[in-house]
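> From Swiss-Prot, here are the annotated features:
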type     : residues     : note
BINDING  : His12, Lys88 : heme binding site
TRANSMEM : 6-26         : transmembrane segment
TRANSMEM : 61-81        : transmembrane segment
TRANSMEM : 83-103       : transmembrane segment
TRANSMEM : 123-143      : transmembrane segment
Amino acid sequence: MESYYLWFKSAHLISAICWMAGLLYLPRIYVYHTKAKIGSELDSTLQVMELKLLRFIMNPAMISTFIFGLINAHIYGFVALDTWFQFKMFAVLILVIFHGLLARWRKDFAKGKNVHSKKFYRIVNEIPAICMVIAVIMVIVKPFD
């Protein structure tokens, strides 16, 4: 299994990049969606875009990120007691919660019941970027080792 470690590590990183792309892009779509009139052609188009991004890119990318991450943890050795790993996992937990919120907000748009402003979506769009920076620094620098 160790001989495949770099392949699994690559798959984990590719999956995480795809997931992050969705986490960063979906709130931007929501910014535009706040400007669309309910029931308009733009509203319908954005709903399709949001659904496909979530179902066909973000959800599979999140799942594969976890699968390959667990495989890597198994090969590399369980490091859960290391402080850097706990910080990384906290950042990942925030990303998972954010992913769930994005899914809920998509449903709100689909029902015509969005209550958030474009400013709100612009601000929350920073959450995945901050979590990504934390996770990358923890994995590469391991500042608490």
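Keep in mind that glycine also has a Cβ here, set from the backbone N, Cα and C atoms.
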> Given pairs 6 or more apart, does the transmembrane segment (123-143) have at least three Cβ pairs under 8 Å with the transmembrane segment (6-26)?
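Counting Cβ pairs under 8 Å, at least 3, so yes.
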> Using DSSP, would you call His12 (heme binding site) helix, strand or coil?
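SS state of His12 (heme binding site) = helix.
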> Counting every protein chain present, what is the number of Cβ atoms, excluding its own, within 10 Å of the Cβ of Lys88 (heme binding site)?
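Its Cβ shell of radius 10 Å holds 21 other Cβ atoms.
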> Which residues, sitting 6 or more apart from His12 (heme binding site) on the same chain, put a CB under 8 Å from its CB?
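Once residues fewer than 6 apart are set aside, His12 (heme binding site) is near Thr65, Phe68, Gly69, Ile71, Asn72.
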